[in-house]
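Accompanying notes for the structure given below.
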Amino acid sequence: MFQEKSEKSSFPKRSSSLRSPSDSPAITSKNVFMFVNYSKDWPLILVGILLMGGSAIATLMNTYIYGEIMGKLSQFYLQDQSNHSFSQDIVKLCVGLIGIGCCKMILVWLGMFTWLKFGEIQQSRARMQIYNKIINESQSWYDSKQNLIGQLTQINRCIEELRSCNGEILASLMQTIVLILALLIMSFYQSWSTTLIIMASFPIMALCGWYFGKLTYKAQQDENEVTSKASKVFNWCYVNPEMVRFFNSKNIELTKFKQLIEKSAQFYYKLSHAVAANTAVLKTLTLMMFVQGFWFGNYLLSHKTITINQLFTCFSSCLMLGQAVSGITELLAILNTGHAAADKISGFLLQPPSKAKLLLLHSKYPPFEIGSIYFKNVWFESNSQNSVAILQDVSFGILQNQFNYVIGKSGSGKSTIAKLLMRLYSVSRGTIEIDTVSIDKLDPKYICQNITLLEQNPVIFDDKTIAENIAIAIVDDYDSLQAIPYYLIEQSAHFALLSDLDLNMKVNHLTLSGGQQQRISIARAYLKNSPVLIMDESFSALDTETKQGLIEKVKKWRIGKTTIFITHEYKNILDDENVIILDQGMIKNQGQFKKMKNEEIVQNYKSQGIETSSYETTSQSFSDNTKLPDGDYNYKTNPYILKDLESQIKEDTDNEKLMGVLAILRYCSSTINGKSLLGFGILLAIFQGVSSPVFSYCFSKLLSTSLDSSIGLNSTQKILQWSCISLSIAIFTGVTSYLSEFILNYCGENWIVSLRQLTFFKLNNQDLSFFTGFDTNWSSSEITALLMNDTRDLRNLISQFFPLLANLVSMTLIGIIWSIVSGWKLALVGISFVPLVLLVTVLYGKILESIENKYKCKVNNVELDLYRTITTIRTIKIFNIQQYFETVFKEDLKVLNSIGVYRALQTGIGFAISDLFSSIGQAIILFYGMKLISQFQYNYSQLLQVITLLSFTISNASILIHQLPEITRGQRAGTFIVKLLKDITSTMEVNDSCGVSSVRKRNSKSGSDSIGTIGPVKDNQLFKKVTTDNDTLAISFNNVSFSYPNKLPYILQLKSISLDVKKFTTIGIVGQSGSGKSTILKILFRLYDIKISPDSNTTKKYHDQTVKIFNQNLYLINSGLLCQTIAIVPQFPKFFSGTIYDNLTYGINNTNSAGSNSSSSVSDSEIIKILKLVNLHQFIVSLPQGLLTIMNDSDNDNDNGNENENENENGNTISTSSSTSFTFSGGQLQLLAIARALLRNPKILLLDECTSNLDPITTKIIINVIKSLHGKLTILFVTHDKELMRIADNLIVMKDGQIVEQGDFQQLISNDGEFTKITKTII
């Protein structure tokens, strides 16, 4: 924990250097070697080459010994060697085989470990460079990114592919290259003419490898690009679930997501076709080499120009050479996917830096604190080709050591002043001078240490406690968060009226109100205590009493220090304090406040008496006197217990037991489409597996003909016969290889497409409690990576596990049975190795399950660090805490590297053991077979047949180990997908054209139940039409009680509410914080189900509660019809990165909804009419792009990366550029939100604090809009605005979840009740 009672000065300050030196080289290429630092990596590369090269030489020595054994056999039959001498020589040669196998195992193990470690190093450098770019880029760079989260989700996958290519793929490539060179030398030495004949097909192999590799590279690039777009859509819906529900855009997003992943699948099918065709051609050509090699070899034997030893050695070398060439082309095809991944990474890293970042290279750090601040002829324009001036020739001074106020209506440029002063953006023209030095020449660290900006919507770090969220403001001054004296944090918390400092935000951050978050932000500022403080609407979410108290405390604290207030409230401005008035980006007036009182904006404020505060929205307050009732205590809210729970969750995740492959496939069986096609693919894989022992039988016959030739027998007829059979089998193997591989890859991709669609659909149909509950363990980055990246590994369960299993079973059974029939004595010796191989494979698989899961969990931690940095980047820059976040990232990366080294050790041994088993098995089989020959129990034809069958069987069984890492990664992905699907509640909302045909109970413990499917909802009641003609009541609540599900502690927000709202009336809801006002609006929009309750007793007690819209049950109305009936304007409206037009019409043109109006679209004239109504038409027309102007994500002050495709409702891409984006003010966004709601032509309009945080002029516009709508539709608003209360037909006063008063404004104000108490605090 934090250190107690220590002096701040006793702790050393960190170095002022933000960046630590990196061993990563500059990016000069776009291939898998782009992060290799040869000056540092050469020892590792050299050792890796020597080890894998040594293992290749060991393979060559095996080939030589095989040739010697065949030579000894030929001499024995020619009676050139005695029985005793023959047996002794065979023993020596077989012992040599075992010795070479042991050496090769050690070399492969160490070599694989070396290259896997090398791959981990490249991965670390890639992640570090990505992180350095992210944390060093300017805010304008972030604003220009249209798909940052989607891009980085895909880049994370590309980094893993880069690691794999620099690890096991490069190891196999080095081994294969050395093996090819050695085999060429060996084969040419034995018989150059035979070698040339056998190598005749090599040019064709090389040409096929080049052509199909080119296709693979292009298809992989396209798949990566489209997948990143799909990731963006998914992330938007997961981070902004309420937006998707407000505007009935579930089908729009689902359709868009389906189109993208189906397009991605098409590219994968092309990739699979290229890889399968390449593999098939190479397999066919390699097998054909047998025919041409033996034909020519037998010719040489018959003419006595070559010995049997030379022929076998040459032929074995060429055979292995052909397999090596085939293998290297397959490796190069995989390497091409790595090059495509590297191209994606380099494309991101090589993006040009912003102008602001380039200026940092020449900045300086003055030795004194900030004094005078002057803006001189400052212009700031939007980041667009047809730029819009946000500030125009602005010149003013900030009075040093005094209080300064920047006021003006929304969109006048007030917040831009603060962002320019913090160097989040650079001025377009003019200068900002601090003590006569241009701000562009000052080090950003100097700016951040001397100036603190508190924004209206502060960021709360959800992985930290309240204390850590406060302490992070000065973490740069200490070695760590824990080194900060705790009493300093307590003092800051006390200043900001905060308690419960150990409360864990991982569980509770979603329950914080805006006011509570702002108090944490104020505590940070107090702790930092910088010379200059900028407060940008930093009190706007506080209730009046708390706000007034904190303002007084801040002004007392800041006496004698430069303080800048950006505000819409003027009652706390003293007559002699400095005020700057902005209007349309220009200075309208500046001077003492007493000289400004005749300004229009000040007069508007005085005449309306507006108080634009927004009360805190939850009953939990962190003020010192706040206590939970004893009866509501829940042990899960204890901060220390929560820490234990969090660590336990993390530990459980790391040690998650993986499901079996068959268990995963059984659970997900409903999503596996085309089972007949899958069965056909498996059957083809079995045929391919059967072809191997059949070909090995033909191979034994060809060997026999060679021995016949070596002892002088005529074998021309046999050679012709078995050569033709071998050619037929080679072609059959190639055809079945292509068809089985492509079909199974197709089925695997088709499966994950279905899984992605189903998961997206089910997540999109959860109520809001799934996304905001305390037991929601899925972060946005984690679930996006799982669904979009890890499912690529999941398809291995079909594309690799099934053919592997089919091949293993078919080859093993047929090989064993055939060998027993051919010669049971020798066969039984060979068969004894098969159980051992399978046992070791199973044990190795279990070990891999554990290490792969731990490794992937650490990868997720590193990716989560990157995601957190992106989503909180502005706060990180404002408080200059980049070094802290970089340290956290490096520590997690270090942990990942250590797990990666351990994983490399365990993975490497799998490759090594298979070679050892093959060598020992073949040596013992050869020894015992030769013994049977020497005892004349077997003839050489029978011997070769059994040895060949057993050798193929044992070798192929050993290869299973090589496939285990990929299958294990697929197992992990499948386990977590199943876990996600089980976590998704079955309380599905009624969707438009989609429903769930089978659902499960919440928290079902059965692992074998159906996961549901996407299909039509059959209950016609769900499509009930909303009619309003004969109903006088628009809204009716009957005995409604409600508690937010999955939130701690369980407290009823509504208690037996009964409420009737007549048609065409305007109703206001008022009350203190936590009284349940906004909860009513959320229930009306069906964001939560009132039937869901934390315990069954509560559910039974309130089973008769109902909510009706125009006398129809709210929960039986189709969501499309509901969104046509009700529109909502939230307190903090959100917009995606798209055009103004797309944002205004988002969800309107959703014509796929069952029961919805197919003609529900809006015309340009309707848009113009609504924009004029909300007083925005003239402003939007003044923009260079008009309605096609792109809105920045930063417009929302939203750091969650909620981006969306720039496509219209028909899925057509709108041609836009990030250079045409524009940033809107809070007031403009609020007016756009009202316009967006009115364009839906609703019958009921809900407004939640629609005038909070706005200037008097914008507030007046909104009030006039509401007045103009009176009598045309039913309006229900939540407010603390006195002027807005006056225009309501009826006011509903709430307290502690109950309605305590009703009536119009004048009636309630004269009753001296709860309403009077509320209005007194406002007035």
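Cβ atoms here come from the backbone N, Cα and C positions, even for glycine.
The ATP 1 binding site annotation in Swiss-Prot covers GLY408, LYS409, SER410, GLY411, SER412, GLY413, LYS414, SER415 and rests on sequence analysis. Secondary structure at SER412 (ATP 1 binding site), taken from DSSP and collapsed to helix, strand or coil, is coil. SER412 (ATP 1 binding site) is surrounded by 25 other CB atoms, counting those within 10 A of its CB over all protein chains shown.
Counted within 10 Å of its Cβ, the other Cβ atoms near GLY1071 (ATP 2 binding site) come to 25, all protein chains included. A strand conformation is recorded for GLY1071 (ATP 2 binding site) in the three-state DSSP classification. Under the heading ATP 2 binding site, Swiss-Prot lists GLY1071, GLN1072, SER1073, GLY1074, SER1075, GLY1076, LYS1077, SER1078.
Per Swiss-Prot, the feature compositional bias 'Basic and acidic residues' maps to 1-10.
Look at Swiss-Prot and you will find 12-23 tagged as compositional bias 'Low complexity'.
The compositional bias 'Acidic residues' annotation in Swiss-Prot covers 1194-1208.
The feature domain 'ABC transmembrane type-1 1' is assigned by Swiss-Prot to 45-337, with sequence analysis given as support.
Marked as domain 'ABC transporter 1' by Swiss-Prot on the basis of sequence analysis: 373-609.
Per Swiss-Prot, the feature domain 'ABC transmembrane type-1 2' maps to 678-969; the stated evidence is sequence analysis.
Residues or ranges marked as domain 'ABC transporter 2' by Swiss-Prot: 1035-1321. Confidence annotation: the domain 'ABC transporter 2' (1035-1321) carries a mean pLDDT of 77 in the model.
DSSP assigns ASN37 (N-linked glycosylation site) to coil in the three-state reduction, placing it in neither a helix nor a strand. What Swiss-Prot records for ASN37 (among others) is N-linked glycosylation site, and it gives sequence analysis as the kind of evidence.
In the three-state DSSP scheme, ASN83 (N-linked glycosylation site) is classed as helix. Cβ neighbours of ASN83 (N-linked glycosylation site) (same chain, under 8 Å, six or more residues apart in sequence): PHE76, SER934. Sequence annotations record features per position, and here Swiss-Prot assigns N-linked glycosylation site to ASN83 (among others) based on sequence analysis.
According to Swiss-Prot, the feature N-linked glycosylation site maps to ASN450 (among others), an assignment based on sequence analysis. A helical conformation is recorded for ASN450 (N-linked glycosylation site) in the three-state DSSP classification.
As annotated by Swiss-Prot, N-linked glycosylation site applies to ASN714 (among others), with the evidence given as sequence analysis.
Taken from Swiss-Prot, the feature N-linked glycosylation site covers ASN777 (among others).
Mapped onto three states, the DSSP output places ASN789 (N-linked glycosylation site) in helix. Cβ neighbour count for ASN789 (N-linked glycosylation site) (all protein chains, 10 Å cutoff from its Cβ): 21. As annotated by Swiss-Prot, N-linked glycosylation site applies to ASN789 (among others).
According to Swiss-Prot, the feature N-linked glycosylation site maps to ASN939 (among others). The Cβ of ASN939 (N-linked glycosylation site) has ILE933 as same-chain neighbours under 8 Å, each 6 or more residues away in sequence.
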Check the transmembrane segment (169-189) against each of 42-62, 93-113, 828-848, 1170-1190 and return whichever range has the most CB pairs under 8 Å.
42-62
Give me the stretch from 42-62, 801-821, 1170-1190 with the greatest number of Cβ pairs under 8 Å to the transmembrane segment (828-848).
801-821
Pairwise Cα distance for GLY411 (ATP 1 binding site)/GLY1071 (ATP 2 binding site) [Å, integer]:
30
Give me the Cα-Cα distance between GLN1072 (ATP 2 binding site) and ASN37 (N-linked glycosylation site), rounded to a whole Å.
62
Long-range neighbours of the transmembrane segment (42-62), counting only residues six or more past its ends (CB under 8 A):
36, 96-97, 100-101, 103-104, 107-108, 110-112, 114-115, 117-118, 121, 170-172, 174-176, 178-179, 182-183, 186, 317, 320, 915, 919
Using a Cβ-Cβ cut-off under 8 angstroms and a sequence gap of six or more, which residues of the chain neighbour GLY413 (ATP 1 binding site)?
PHE380, ILE390, LEU391, VAL394, LEU582, GLY585
What does the structure give for the C-alpha distance between SER410 (ATP 1 binding site) and GLY1071 (ATP 2 binding site)? Integer Å is fine.
27
Among ASN450, ASN789, GLY1071, GLY1076, LYS1077, which are recorded as recorded positions, the nearest neighbour of LYS414 (ATP 1 binding site) by Cα:
ASN450
Near-site residues: ATP 1, ref GLY408, LYS409, SER410, GLY411, SER412, GLY413, LYS414, SER415, CB cutoff 8 A to centroid:
LEU582, SER1225, GLY1227, ASP1255
Ranked by the number of other Cβ atoms within 10 Å of their own Cβ, which of the recorded positions ASN37, SER410, SER415, ASN450, SER1075 ranks first?
SER1075
I need the nearest neighbour of SER415 (ATP 1 binding site) among the recorded positions ASN37, SER1075, SER1078, using C-alpha distances.
SER1078
Taking only the recorded positions ASN37, SER412, GLY1071, SER1078, which one has a CA atom nearest to the CA atom of ASN789 (N-linked glycosylation site)?
ASN37
